[in-house]
């Protein structure tokens, strides 16, 4: 197990370096200058040059990357001149907000997906299976932004059942929970649909395995058989859930924008559109790191509950 | 029914407002300048809480100047701060012009180079320190003096336009400041509208980098809460020099999505939403909400690339495209929240050229001019860059599709190049003759057309102060002459006369696509009272109340 952890941590290093280089290069080739948001539209060349110098944009690209990377290694992700705040402060605030949204969305989406997938898989070909299939297909097919606007218009705008968004934790947990409902419903739908479909497929697959008949032949109760099936089917569900949790923690740009949820997705979207290079770099690095950590955790959990995975690792 | 998240009923705000009211009840109101004469608030009134869904993607920085363009000035700057001058925004009949604010009067020398401002006495910042001539010099040093300890590179960069014509400045005494301009310049009081006065004591204490979290001015509201990216709360400053405003609080929320702003209003989270979707107007009216639309200095006036063919030296081609625009059709597509433009500024604006009718919708004439310009139908394909969004850009996608169809009707194909707002700004800074952008023939532009006379320079002049890029290659001696002479006139009517000649020339030569004027669509719930929509990007909050609060 320790080998697995060390190996995955070492693998993360080139991933993070690669991501940061790619993002750095991409941001340097997209049109639009980083100083455009800092100077008036009639700025003189001298005024532009002064602010470019302050931002370090007059340095060659490799030098700029080197400086950024060295600072990042020391835990300093830089200062956003556009936002006038330390990037780490911005990330801390945004990641916290996204974490809350992602955690609730993941719990809701995965739990409901598991339940629906289990019901469908254990009742293959029956009405429940068909209903769940249609429901999960719908969940996959409806874009999250469309669902978000629909929920916003009906449940918030017309029926006034829920607020239209915003992370309002400072106004008490009651308001915060209300504020969470619509973004969670929008963000969790895809997670629920994917989890339901993967769970169903895995359960159907395991049910057809020879060992299930053996268990029944040994006289195990149907409940006991299903528990064995579920344990054997959980591995692909875990892998999928890991990816889903990683995606949720990365922040959904559209859902966070529509519901004014100040998380990683909204931060990244704003930073890209304003060419706030330091924030784009810091945000993508943290998102990549989040994916790496989540995948590592998923692997460890898989290894802990599935001896086949444990064997493969060792 | 008051839902838990319904901010329209806020007992704490009511209580706070009541306490604040009691605190000032025995204090006489300070002297009132001409801008606010007759607009003193009744200190015993509780004006409620006004919650606003802005179209900006973030809360504008409460810096001096703020960011997020004029939305930052409108909601944050003008509420936290005062400048030496302030627009008379409490009326909707005329274009607002500078009036005394922190400067109670000024004198201009005969050569229009030296301005002497007499400052208002007894004004205090929100931190209790006194406003005086030293505070003015402190702020000008922050923006212009690179050797000053508290020089702010970011504020200096962002506010460069407004102090460009200032050469020297000095405090004559505690309440007199003398400013010398680089040239005869009758528009300094327009520039100074944008130069807000922050508390020197606060900046000395927290520094420029941390100032935003502690923003302190002399304006009608104190910043009492600021969460970057989420919200800002502004609370009435009871010692504001004209007397306290009526509202207890303003709460700002950023929301760039129009559909989301609409839901915020409908759900009662806010009672003011900027630019809802045009197709929601009927529903909003039916719900009892108040729709506000009024002409103001804002238009969509795309600019031709005059550095090269096909538009350089081809007036007839530019005119042909102007005649090809079905402006009424475009207005109908956006539910008439804008209207067709005859000139760069709207009819009734003091710089509107009185004897120039502009361009009507005339396909036959457009085709004729196209032919006379050297191009036959089907021969010409033009490339137009436009922004897909951004505050103050109306509804680009639907408008561009209409424009494309209009040009196609006379045989001109249009290749549309969508781009982010940041890119459009970059193009303006680089110029259409730069290697990166020289493939563009027309560029989207959404100017605050005529809000201040100083704004014309960057669009119309061939050579600009400090070597700013001439973004489109516009180089017309008639325009240059009139725009040079206008700020050298002491009398406003003479300034406008020169600017009218400039407009006349710009229209006759068709240097722009004179397309649409915006009507400044915004919606408020029925409980918002006494709002006046001025002919400006900025608004006056001093008389507004929220009756349900």
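Please read every residue number as a count from 1 along the shown chain.
Each Cβ is built from the backbone N, Cα and C atoms, and glycine gets one as well.
Check TrEMBL against the ranges A:212-235, A:236-259 and you find transmembrane segment recorded for A:236-259. Of the given residue ranges A:75-94, A:175-194, TrEMBL assigns the label transmembrane segment to A:175-194. Sequence-distant contacts of the transmembrane segment (A:9-30) (same chain, at least 6 residues past either end, Cβ-Cβ under 8 Å): 61, 64-65, 68-69, 72, 272, 275, 277, 280-281, 284-285, 288-289, 292, 296.
Among the stretches A:131-155, A:175-194, A:236-259, the one making the largest number of Cβ pairs under 8 Å with the transmembrane segment (A:99-119) is A:175-194.
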